[in-house]
Amino acid sequence: MAESLIQKLENANLNDRESFKGQMKAQPVDMRPKTEDVTKTRGTEFEDYYLKRELLMGIFEAGFERPSPIQEESIPIALSGRDILARAKNGTGKTAAFVIPSLEKVDTKKSKIQTLILVPTRELALQTSQVCKTLGKHMNVKVMVTTGGTTLRDDIIRLNDTVHIVVGTPGRVLDLAGKGVADFSECTTFVMDEADKLLSPEFTPIIEQLLSYFPKNRQISLYSATFPLIVKNFMDKHLNKPYEINLMDELTLRGVTQYYAFVDESQKVHCLNTLFSKLQINQSIIFCNSTNRVELLAKKITELGYSCFYSHAKMLQSHRNRVFHNFRNGVCRNLVCSDLLTRGIDIQAVNVVINFDFPKNAETYLHRIGRSGRFGHRGLAISFISWADRFNLYRIENELGTEIQPIPPSIDPSLYVFPNGDYQIPRPLTASADQVLAAQQAKGQEGYHNRPNNNRGGHPRGGGNRGGYRQSNRQPRYRGQQKAD
């Protein structure tokens, strides 16, 4: 009798689950092969965590199929309220690992701030807040993003309304808390993404001060790919018997193929031009070590005839936001940037990362190459090495326990390109510059290409801070999709 009743209940739950799944507008299934970085799980499902139906609907409609290893380890512990120290590779689903339990624990009947998600950069704050809104779109959860570079008055006005989750950067959040505008007295969930950066000497005093505004029974969760000694010091001082998760059996992503090329400084642009003509690039990010070199390289790339945006920390925040938004939406194939975008930025269409300037340390290298090969997919990382970089190359290989191979005469496209057939992955627009401009103007946005002005020869418009280049005598061309030899 008991067994029969149990069977009926299981069948009822299964039918109920399938019925609500059938009502959703789910994303097409991602057919690209994935590595063990995201597939090596115990086989649990999101339904096994007994999440609210509205949250499950948001998860499945966003295209999530089943938990990745970091989500599988983190979600049940976070739901229990225990402090967490989680270490996992870039691009394996860390953001959803803390966003899902944060959304689940929100009580929408209360008008108080219940979760703070702290991140080190403004771009990452915008991206994380969007994940919160996407997954929680059926839950009536109010999410607010606050960062430096925006008007403090606007944040104060928004905090007069109900806010359940705040996503922000340390300085601005502390400013709001210090002014008594943001009330964290009932905020029991404190999440730090890219915790190693947030606990660096420049941010640690701010974090320490910010914690004084939280209740004693708060839950603190730290997520990152790397944890230096300073994180342990913070953990010993502020975390209560944290549950430690370490999924870093190796530091680099399995799906990212790494090469280096010995190149004289004077030949770097020529080498980059060769790569653009040979590689099958969906979208690429090119890293430089200084903001000045970012703009100079973006100009050179445009003069070669390739579409290019640039972004760095000295640009106005509104321009940085526009560049990031347009690049993410595929308006342009190539983005030149400083280390501003090394952390957490998730653009699924990026399959090639190029270190035009080789990074000085292993941590920066790890975060840079992690912009490709997101969520177990394939990617390619190529580093230009000068004679002065050879010692850094050897040291980074030793610290990461990986071997960066010399670049071969030809690169097998299967290492970083999915032979998609009829399946469509996010790809950059192939429209002409005029069509892109028309589409942007229809949305009330200012275009980057063919904007009338007196600048010539690829010089930046608007004083150099717009983040895009044009040429006076020819249209920017989309390349990078040519077949490799």
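Glycine is treated like the rest: Cβ placed from N, Cα and C.
Positions annotated as region 'Disordered' by Swiss-Prot: 16-38, 437-485. Annotation comment: Swiss-Prot describes 44-72 as motif 'Q motif'. Per Swiss-Prot, the feature domain 'Helicase ATP-binding' maps to 75-245. The annotation ATP binding site is assigned in Swiss-Prot to ALA88, LYS89, ASN90, GLY91, THR92, GLY93, LYS94, THR95. Residues or ranges marked as motif 'DEAD box' by Swiss-Prot: 193-196. Annotation source Swiss-Prot lists domain 'Helicase C-terminal' at 255-415.
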TODO: Please name the residue among the binding-site residues ASN90, THR92, THR95 whose C-beta has the most neighbouring C-beta atoms within 10 angstroms.
DONE: ASN90
Task: Nonlocal residues around LYS94 (ATP binding site), in sequence order (Cβ under 8 Å, 6 or more apart) - done: ILE70, ALA86, ALA88, ASP193, TYR223
Task: Surrounding CB atoms that lie within 10 Å of the CB of ALA88 (ATP binding site), all protein chains - done: 24
Task: Least buried by Cβ count (within 10 Å) of the binding-site residues GLY91, GLY93 - done: GLY93
TODO: Could you give me the DSSP helix, strand and coil counts for the motif 'Q motif' (44-72)?
DONE: 17 helix, 0 strand, 12 coil
- [ ] Count the Cβ atoms, other than its own, that fall within 10 Å of the Cβ of LYS89 (ATP binding site), considering every protein chain shown.
- [x] 26
TODO: Return one of helix, strand or coil for LYS94 (ATP binding site), based on DSSP.
DONE: helix
- [ ] Helix, strand, coil: count each for the residues of the motif 'DEAD box' (193-196), based on DSSP.
- [x] 2 helix, 1 strand, 1 coil
Task: Three-state secondary structure, LYS89 (ATP binding site) (per DSSP) - done: coil
